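The feature transit peptide is assigned by Swiss-Prot to 1-34, with experimental evidence given as support. The N6-acetyllysine feature in Swiss-Prot is assigned to 111, 138, 163, 248. The N6-succinyllysine annotation in Swiss-Prot covers 163 and is backed by similarity to another entry. Taken from Swiss-Prot, the feature phosphoserine applies to 212, supported by similarity to another entry.
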């Protein structure tokens with residue numbers, strides 16, 4: 001009996017293949033394909049739906065079959081919108097958001113979140129602020145209600161402000177122990193000196209000690225406006241339900257400004273410069289070097305991300321040794337140049353930072369800087385098709401793996417609508433990546449890196465960090 005079943009199955013399969021040979025179109029149907037290309041697979045990614053409330057607040061969602069969801073409010077405000085006087089106000093408000101609202105004391109807010117088994121979080125950057133909740137899909141109505149209450153009705157009680165002031169000051173002391181965070185704050189301070197982007201998200205400790213309830217109230221009334229907000233959700237959510245909940249709980253957020261005092265985004269200039277903080281008591285030197293990169297909307301971003309993928313990243317705990325695909329990584333292993341390095345591309349509205357950060361022994365700083373700049377110059381002058389193909393595949397993998405889960409997808413939706421005005425589909429990103437070849441990488445790298453003045457930040461035992469003029473001379477090659 002079993003043999004006859006197998007025989008009939010084989011006969012049926014042969015008949016299908018025979019029909020496919022006669023009609024090649026059959027081979028293009030998903031049922032007869034064993035695999036789909038990367039570009040074809042991206043066509044089946046769920047669509048992002050976007051709607052607009054009457055007050056200008058945008059509502060966006062991506063529905064999937066997951067039993068959980070992440071929903072959050074992304075706001076177009078960060079430390080670059082602050083002044084020297086109120087720098088740190090946004091970070092302060094982020095902390096106060098969990099301490100209760102006018103409708104819910106802090107203990108009641110915590111109990112409601114815990115009773116759902118949900119996770120409530122928030123973060124601030126130089127351009128954006130976000131509040132989000134990850135919960136079961138059935139708890140979406142309660143999650144949106146809580147977010148609406150947090151964004152609109154923060155209690156700002158004097159006792160909570162004083163208590164949180166001490167918490168933030170302790171956090172700032174802990175952050176100072178993170179050498180990487182310190183170096184990147186130094187890098188922004190020197191690269192964008194004299195502009196709002198130089199300001200740290202946390203603000204200076206003097207401001208944290210002086211910020212008052214009136215300062216925080218003014219910050220809220222100035223920046224928390226509906227047209228600058230996005231309610232984003234991902235996972236097991238229905239867009240119409242989300243839209244109805246947004247109208248109910250966020251539809252009352254104001255959209256007008258007193259006396260038309262609309263905040264404007266101050267353009268930030270890049271300055272090639274350096275900042276050095278020498279501390280020989282520390283075991284390793286942390287150094288960051290960057291040139292001015294493009295803003296969010298620039299078409300050059302994809303080619304520069306491919307270039308960063310070619311240079312790659314490295315940590316001494318990695319396996320592979322000298323067989324790593326990145327020439328800089330294999331060289332770092334062979335010559336014991338560093339403990340770790342990573343490339344980065346930090347984008348803002350109209351500018352950015354494109355560079356690398358490395359951690360190394362005090363006697364290897366000069367060598368590591370020389371090799372890193374040599375790799376930059378090689379990309380500008382002689383990037384090859386094979387390494388560009390490798391960089392494109394690395395970027396494709398990062399693009400997809402970054403969106404694994406409802407929280408990363410929700411964050412991508414919220415940030416994309418604030419920066420691009422829309423969510424760029426993965427298929428469109430793939431087409432942009434596919435257009436990059438070696439000539440494009442050489443051209444774009446030459447535009448942003450070759451013979452450009454860098455910003456440099458060093459922290460730790462950095463006596464051997466080369467003089468700025470030497471570093472600047474490493475940004476070009478004499479060619480005949």
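Cβ atoms here come from the backbone N, Cα and C positions, even for glycine.
Owing to the predicted nature of the structure, the values given are computational and were not obtained by experimental measurement.
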Q | Pairwise CA distance, residue 111 (N6-acetyllysine) versus residue 138 (N6-acetyllysine), rounded so that it is a whole Å | A | 18
Q: Measure from the CA atom of residue 138 (N6-acetyllysine) to the CA atom of residue 248 (N6-acetyllysine) and give the result in Å, rounded to a whole number.
A: 17
Q: Tally every other Cβ atom lying within 10 Å of the Cβ atom of residue 248 (N6-acetyllysine).
A: 13
Q) Taking the Cβ of residue 163 (N6-acetyllysine) as reference, which residues of that chain separated by at least 6 in sequence fall under 8 Å from it? A) 99
**Q.** Alpha-carbon distance [residue 212 (phosphoserine); residue 138 (N6-acetyllysine)] in Å
**A.** 39
Q.
Let's check the environment of residue 111 (N6-acetyllysine): how many other CB atoms sit within 10 Å of its CB?
A. 12
